[in-house]
Amino acid sequence: MWYYTLNGQQAGPISQAELAQMLQSTLPADTLVWKESMADWVMANTLGEFQALPNGSPNSPPPLASATPTNNPYSSPIASSHQNYQAGDYPLPKVKKANFGLLISLLSIGTLLMIGGYIAMFTGLMTNVATAAYEEIEQLETVERLEPIEQSQEASSTETEPAAPIASEDVTDFDEVLIEEDSYGHSASEVNPFDSLSPSTIGITILGWAIIAAGSILGLVYVHRAWQLLQPTQTTITPGQAVGFMFIPLFNIYWMFIAYHKWAVEWNNTCRQHTSPTYAPRGAEGPFLAMAICYLSSVITSILGLLASAVLYIIDMKSMCDAINFAAENGEAPNQPFR
C-alpha cells in the first residue's frame, strides 16, 4: 500500500494502481510518495513504477517537502480524512521547558520528610505517655510497700517505751516517692506527653510541608505553560484563569476537571486537526479525568481518594510536561513540521 502527500497533508493508504491513476489525473509527477519497504519519502517521478506515467496536472502546486516525517521514515504515515492544512498551520507558542524530574523529586522528598516527621512525633508522644504511666504505677507500688512502715512509726510514737528505730533509708525512700519529679520538673502524674516533641522533629515536618508546597507551585507553573500552548486556538480559558481558579475554595474541586482534563482534550484535538503538532505527545485524557474524579471523591472517602489522585497526578503531569517540552523545542517555527 502507498501513501502520498497533498498540500502538506499525508494521505493513504491506497493501492499502486490507484496512486498511478491519481498521478495521471490530479497529482503532480513530483508528488512525495512512500510505502513500508522504503526508507524515506521520494518523488513519484523518480520511481520506476511511475516514471512512464504522463502528468495529468502539470500546474498543480507541489506538496510541501517539510510535511514528510523524516524523523521516523520507518513508521506508517497517518491516514487522514480531515481537511487539508498547510505545514506549520498551527503557530505553536514557544515556552520554557518543564523539568518533570524536579517536580517529582520535590513532591517525593517533601512527602518523605513530612511522613518521617509525623512518625517521629507520634513515636515520641507514645513513648512519653508510656513512660509516664510506668512511673505512675511504680510510684503507687512503692507507696503501698512503704505505707505499713509509716503506720508502724505512728503507732510507736504513742507507746510509753520507745519503739525500735525504723531504718532511716526506708523513710528517706518514702519521702522521695512523695516528692519524686521527672527531669522536666513535673511529678509522674503531671508529665506532659507533648514535652517529647523536639524542635528538630517539628522542623523536619515543617520542612517537608514547605518542599511539598514548592513542588505544588511548580506543578501550577507547568499548568500555566500547558495552557499557553492552546492560546492560538479558540479556547476560552486563559493560562491565568487555569491557575488562578485553583485557589478558590470548593470551586477548585470543579476546576480540576477544567484545568487538567479539558486541557488534555483540547490539546489532543489540536494535534489531530493540525499538521504541525502531528508528532506532539498527547495528553492523557483518561488519567486526567480519573485524577479529577478521585480528588472529588476525597471529600467523601478522605485519604483513599486523595492518595489515588496523587498517584494519577504523577502520570498526568508526565504527559503535560512532555507536551510543554515539545513546544519548548519546536515553538515559533511555523514553516516546519513539529516533531
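Along the chain as shown, residues are numbered 1 onward.
Cβ from N, Cα, C; glycine included.
Remark: secondary structure over the domain 'GYF' (2-50) totals 13 helix, 17 strand, 19 coil, with classes taken from DSSP. Per TrEMBL, the feature domain 'GYF' maps to 2-50.
The feature region 'Disordered' is assigned by TrEMBL to 53-80.
Residues annotated as transmembrane segment in TrEMBL: 100-121 (among others).
Counting only same-chain residues 6+ beyond the ends of the transmembrane segment (202-223), those with a CB under 8 A from a CB of the stretch are 98, 102-103, 106-107, 109-118, 120-121, 239, 242-243, 246, 259-260, 263, 313, 317, 320-321, 324. Residues or ranges marked as transmembrane segment by TrEMBL: 202-223 (among others).
According to TrEMBL, the transmembrane segment annotation covers 243-260 (among others).
Marked as transmembrane segment by TrEMBL: 288-315 (among others).
Remote same-chain residues near the transmembrane segment (288-315) are listed as 104, 107, 219, 253, 256-257, 260-261, 263-264 (criterion: CB distance under 8 Å, separation of at least six residues from the stretch ends).
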